[in-house]
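**Student:** Dropping a structure here in structure tokens format, bear with me for questions.
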Amino acid sequence: MGGGGRGGRSRTQRKHFRQSRENVWKRSKPDHDPSSTENPSWTPFATQNDAFDFYYKEQGIVHPQQWEQFVAVLRTPLPATFRINSSSQFSDDIRSQLEDDFMHSLRNEVVEGGETEAIRPLLWYPGNFAWHSNFSRMQLRKNQTLERFHEFLKLENEIGNITRQEAVSMVPPLFLDVHSNHFVLDMCAAPGSKTFQLLEIIHESTKAGSLPDGMVIANDVDVQRCNLLIHQTKRMCTANLIVTNHEAQHFPGCRLNRNYERTELDHSIGQLLFDRVLCDVPCSGDGTLRKAPDMWRKWNTGMGQGLHSLQVLIAMRGLSLLKNGGRMVYSTCSMNPIENEAVVAEVLRRCGGSVELLDVSSELPQLIRRPGLKKWKVYDKGTWLVSYKDVPKFRRSVILPSMFPSGRGHQDLVDSSCNVDVDDITNVNGNAGDGILAVENPAMSESSVEVSDFPLEHCMRIVPHDQNTGAFFIAVLQKVSPLPAISDKTKIEIDEKCVEPTNHSLNDAQVPEINSPESTHEEVLKSVSEENVDDNEPNTEDLEVSPVTCDEQNSKETQEPNNVPNMAKRVPGKRKLQIQGKWRGVDPVVFFKDEAIINSIRDFYGINEHFPFNGHLVTRNSDVNHVKRIYYISKSVKDVLELNFKVGQQLKITSIGLKMFERQTAREGNSAPCAFRISSEGLPLILPYITKQILHASPADFKHLLQNKDVKFEDFIDAEFGEKAANLMPGCCVVIMSKGNSVATESLQVDESTIAIGCWKGRARLSVMVTAMDCQELLERLLIRFDTKNGSSGHVAAEVQPVQELNSKNDHDDGDVKASVN
């Protein structure tokens, strides 16, 4: 229950998010000219690029005899895959529904790609929690027989019980070997599918009412992509997550000054170090050609070179933040050795013997993978280069020694100081992207090609035609000792100078947007910008500022106080506006210490003293008199937050913790003894500690409440239940479904299977306080359980219809839907 339990997630996948993820193979038809005598035609994306064939044939990423099979699969649409949230309360039910229902009911449907099964579990993924669907998106939308399966996927994805994710994107977190007590850093986390996966693993063995000792920091450089990251991970309902907005290569280490005085009782952490680091770096993304076929026309041979230096810097920063004995996974959705093996080799070279490349061939044995390359060449301005000594001096700021297998020639790079004429930079790719094949350098021979001294065969390459997936690269690194003092300022400055011109050349070469395996950058920016249009409407009730989208509101210079709490800015004729924190455009994170409010919450709900409150509550508003939401953080997140304050708030935090309490702003809320209600997200965590404002409903009354969302006390099937509801104090209450057919009279025993929802007790009725979407999904889950016990098929679409009809008229009761993405 702790990490992925029930609860209404505010603003889950909305229409414009779904539209942005439409299969890009579906291309809009051009407008037909009525005067034309030709028949209107639909032109598919071109899936041919001579430069692509020329480059990768020469690099030998697959055997020549397999080339035709490789490109044939690469030109077909990518099958849909999804993953069940293993920490969800209903994960086993969903898996059983796929195995016992959909696998059989869809067996006779038409499938594509030579697959023998319509849907099947990915055998290499533990526990049958990842699934491959061989239907195209078009088939799912148009085929009436598939309608129920399609609706199932949409609903469960929006609730957070499943995550639509490319199969190869699920692989890197599995090789991290994450444990529940680990501190994990996801350096380039957006759009968030891998972060969600890491959180699942951390919460996997958590008992009801408890939190794991570990935590995840999910970082992304793009503030808009952070919005999507927050949106994705919000479905997880976790108190063990911090979302930050930094350049990955400069992620702060939050190290305490040596002069900082500690007390004898101070056992807090003194530096931000991680047990595991996921380094899924920005890349050219040509491994996603099946998902983004428009990349075929954009691809050119210079794409991999422009990001190489940045990738090395990010990987080195990740290793510097890794604890001794910790593990880092470096991954890309690119097939280019310049972005893959060359980066890994350079990292090993810089780290000496302090970092090892692990052989993980025995892990996930059913995942077909190929060894990394030990030799490759660099292509520049129409010429194949086999060694750095072949690089003309004026090109040495673009073609770096680290791009070659041996990595020799580093001193030449220092001597050149990265000085190069601007005209040379802008023409970095020459004719590489124009489809004109170059003549091979006559001085080059197979025997002269460099071979790396590192065991790069331990790297993993996943190619599309092995298991009907996208392409991916993965390397697993382990830090065995502190890094040598080689990352001096001179070398870092040189590398960073080289990043800028190569990125500039990328723009001139019309390189497509940086890709992550789950979603193209273009899709993410489009969807998030549309999301912000709706989310940034002024809220006249509380004047709270969105944590990551308030740049316009804070465009003027403001103070950057070191001590954020208890500071406010007076605005004549208006309520107090909160002072922002150190980071302009981001709301401050403030420890919530208002004893009056905390005690009123504790007394009203009868919260057990064993539930840790002190130091675990935070808010994003420094004006404690107008706090609308109170978030709960785990001990691990609390430790990191306290460290962040001690080092001057180096972390730019855009989201933190789990929304636990929310001020009830409705008219009836003003008369309630407690102004704060328990949020749906926080209910699973705090439920075992509540002793007041609890009702036990029979399954029949629980179902009745879900279907109608607003029920008068006298209308409940069980009159005794209605009477108990009427006798509660006005305000928020919790309704628990009894496991038998009668109302429980014994003391509350909460476990992972307990089903509960938050409600509002009014003068004459009980109102459900979860989203209509959550009501629908929970009702379906219960109906399937009941129908399974009665021996029926589990088809419940007809019975769920009343919930869908009630969605519109009950929106005013749906408090969680109105919550901001905060």
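Each residue, glycine too, has its Cβ placed from N, Cα and C.
Quick paste of what TrEMBL says about this protein:
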- Cys333: active site, nucleophile (ACT_SITE)
- Cys188, Ala189, Ala190, Pro191, Gly192, Ser193, Lys194, Asp220, Asp280: S-adenosyl-L-methionine binding site (BINDING)
- 8-18: compositional bias 'Basic residues' (COMPBIAS)
- 19-35: compositional bias 'Basic and acidic residues' (COMPBIAS)
- 36-45: compositional bias 'Polar residues' (COMPBIAS)
- 519-529: compositional bias 'Basic and acidic residues' (COMPBIAS)
- 531-544: compositional bias 'Acidic residues' (COMPBIAS)
- 808-822: compositional bias 'Basic and acidic residues' (COMPBIAS)
- 70-480: domain 'SAM-dependent MTase RsmB/NOP-type' (DOMAIN)
- 1-45: region 'Disordered' (REGION)
- 507-572: region 'Disordered' (REGION)
- 799-822: region 'Disordered' (REGION)
**Student:** Could you state the whole-number distance in Å separating the C-alpha atoms of Lys194 (S-adenosyl-L-methionine binding site) and Cys333 (active site, nucleophile)?
**Tutor:** 13
**Student:** Please find which two of Cys188, Ala189, Ala190, Pro191, Gly192, Ser193, Lys194, Asp220, Asp280 have the most distant C-alpha atoms, given that the record lists them as binding S-adenosyl-L-methionine, and give only that distance in angstrom, rounded to a whole number.
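**Tutor:** Roughly 13 Å, rounded to the nearest whole number.
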**Student:** Fill in the CA-CA distance, Cys188 (S-adenosyl-L-methionine binding site) to the residue listed as 'active site, nucleophile', as an integer in Å.
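**Tutor:** Cα to Cα, Cys188 (S-adenosyl-L-methionine binding site) and the residue listed as 'active site, nucleophile' are separated by 13 Å.
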**Student:** Rank the recorded positions Cys188, Ala190, Cys333 by how many other Cβ atoms lie within 10 Å of each Cβ and give me the one with the fewest.
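**Tutor:** With the recorded positions Cys188, Ala190, Cys333, fewest surrounding Cβ atoms within 10 Å: Cys188.
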**Student:** Hey, how far is Gly192 (S-adenosyl-L-methionine binding site) from Cys333 (active site, nucleophile), Cα to Cα, in Å?
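**Tutor:** Gly192 (S-adenosyl-L-methionine binding site) and Cys333 (active site, nucleophile) have their Cα atoms 15 Å apart.
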**Student:** Can you tell me the CA-to-CA distance separating Asp280 (S-adenosyl-L-methionine binding site) and Cys333 (active site, nucleophile), as a whole number of Å?
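**Tutor:** Given the Cα positions, Asp280 (S-adenosyl-L-methionine binding site) is 9 Å from Cys333 (active site, nucleophile).
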**Student:** Give me the count of other Cβ atoms within 10 A of the Cβ belonging to Gly192 (S-adenosyl-L-methionine binding site).
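**Tutor:** Its Cβ shell of radius 10 Å holds 30 other Cβ atoms.
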**Student:** Could you state the CA-to-CA distance between the residue listed as 'active site, nucleophile' and Ala190 (S-adenosyl-L-methionine binding site) to the nearest Å?
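**Tutor:** Their Cα atoms are separated by 14 Å.
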**Student:** Would you identify which of the binding-site residues Lys194, Asp280 has the most other C-beta atoms lying within 10 angstroms of its C-beta?
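**Tutor:** In terms of Cβ crowding, the pick is Lys194.
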**Student:** Give, as a single whole number between 0 and 100, the mean pLDDT over the domain 'SAM-dependent MTase RsmB/NOP-type' (70-480).
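**Tutor:** Result for the domain 'SAM-dependent MTase RsmB/NOP-type' (70-480): average pLDDT 86.
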